[in-house]
Amino acid sequence: MAFRILAVGANREDMEKHVRFSSFLSKYSSITSSLLKLDSVLFPSVTRLELSKKDYDYMSISAVFEYGNKPCTYDHVVLATDSTFCRTGSDASPLLEKLHEALTPNGTIVIILPHSNPNENVVKKECMYTGFVELTFFEHNNFKWIVGKRPNWAPAQRSLTRGTLKVVSLDDYIPSAPAAESCDTKPRPCANCNCGRAERVNTDAKESTVNADGPTSSCGKCYLGDAFRCANCPYRGMPAFAPGDKIRLE
């Protein structure tokens, strides 16, 4: 099984000075012996590989930002740093994000810090923020080693906001104007009524006024009084009247 490995450092000579790639993943390498303790991080089958200079890609740190790597290209990334690497964390975050994108799911990153670099905790924190998991730290041959893995799942892309947010208008905070004074509690509308009661009373009066010529009698006894009127007689409740009189219903 062939694995693609990317080595990132100041220059190729320094990379091979720090790490002998011909034995980096060899079964009998002393470095590999330390890495074999991290079975949950590294592929066990990788330890059986014998690598030469042609078996890995090299790239300087500055070239990582210039070269557009295709996502999920490499199975392993080895990053060799100097004593000033990751002083604040923000200086290393863009580089770690690029390397995270270059790794395949379950791909491994190995960060090598010189013993004079005191920022291993900052590096581990930035690796965690970038998305690496199962981070492990150990020291070997006067170098500090940080090993992590890119998870085989993608971070959630769905927004945590459900639905749409209602935009509140400033008018909602302005109290409503007081209603016009009403005369509904009074026995009759005011002379200068402005609440609408006077208009309603006049309208109701017009609708309830009916000319006596309008209604017709089916029995012809309406003028005699309620005792002679039908149940649905329009004149019920009115006094008797002479036949032919004009009666106004209100």
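Keep in mind that glycine also has a Cβ here, set from the backbone N, Cα and C atoms.
The feature [2Fe-2S] cluster binding site is assigned by Swiss-Prot to C183, C190, C193, C195, with sequence analysis given as support. What Swiss-Prot records for C219, C222, C230, C233 is [4Fe-4S] cluster binding site, and it gives sequence analysis as the kind of evidence. As annotated by Swiss-Prot, region 'N-terminal SAM-like domain' applies to 1-154, with the evidence given as sequence analysis. Sequence annotations record features per position, and here Swiss-Prot assigns region 'Linker' to 154-180. What Swiss-Prot records for 183-195 is region 'Fe-S binding site A', and it gives sequence analysis as the kind of evidence. Positions annotated as region 'Fe-S binding site B' by Swiss-Prot, on the basis of sequence analysis: 219-233. Annotated motif 'Cx2C motif 1' per Swiss-Prot: 219-222, in sequence order. For 230-233, the entry in Swiss-Prot reads motif 'Cx2C motif 2'.
Distribution of Swiss-Prot features across the structure.
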residue	record	Cβ within 10 Å
C190	[2Fe-2S] cluster binding site	13
C193	[2Fe-2S] cluster binding site	18
C195	[2Fe-2S] cluster binding site	15
C219	[4Fe-4S] cluster binding site	10
C222	[4Fe-4S] cluster binding site	24
C230	[4Fe-4S] cluster binding site	13
C233	[4Fe-4S] cluster binding site	17
DSSP three-state assignment (helix, strand or coil) for C222 ([4Fe-4S] cluster binding site): helix
Distal contacts, the region 'Fe-S binding site A' (183-195) - CB-CB under 8 A, six or more residues away: 201
Of the binding-site residues listed as C219, C222, C230, C233, the one whose CA lies nearest the CA of C190 ([2Fe-2S] cluster binding site): C233
Nearest-integer angstrom distance between the alpha carbons (Cα) of C233 ([4Fe-4S] cluster binding site) and C195 ([2Fe-2S] cluster binding site): 36
Overall pLDDT for the region 'N-terminal SAM-like domain' (1-154), taken as the rounded mean: 71
Pairwise Cα distance for C195 ([2Fe-2S] cluster binding site)/C222 ([4Fe-4S] cluster binding site) [Å, integer]: 41
Three-state secondary structure, C195 ([2Fe-2S] cluster binding site) (per DSSP): coil
Secondary structure composition of the motif 'Cx2C motif 2' (230-233) [DSSP: H/G/I, E/B, coil]: 0 helix, 0 strand, 4 coil
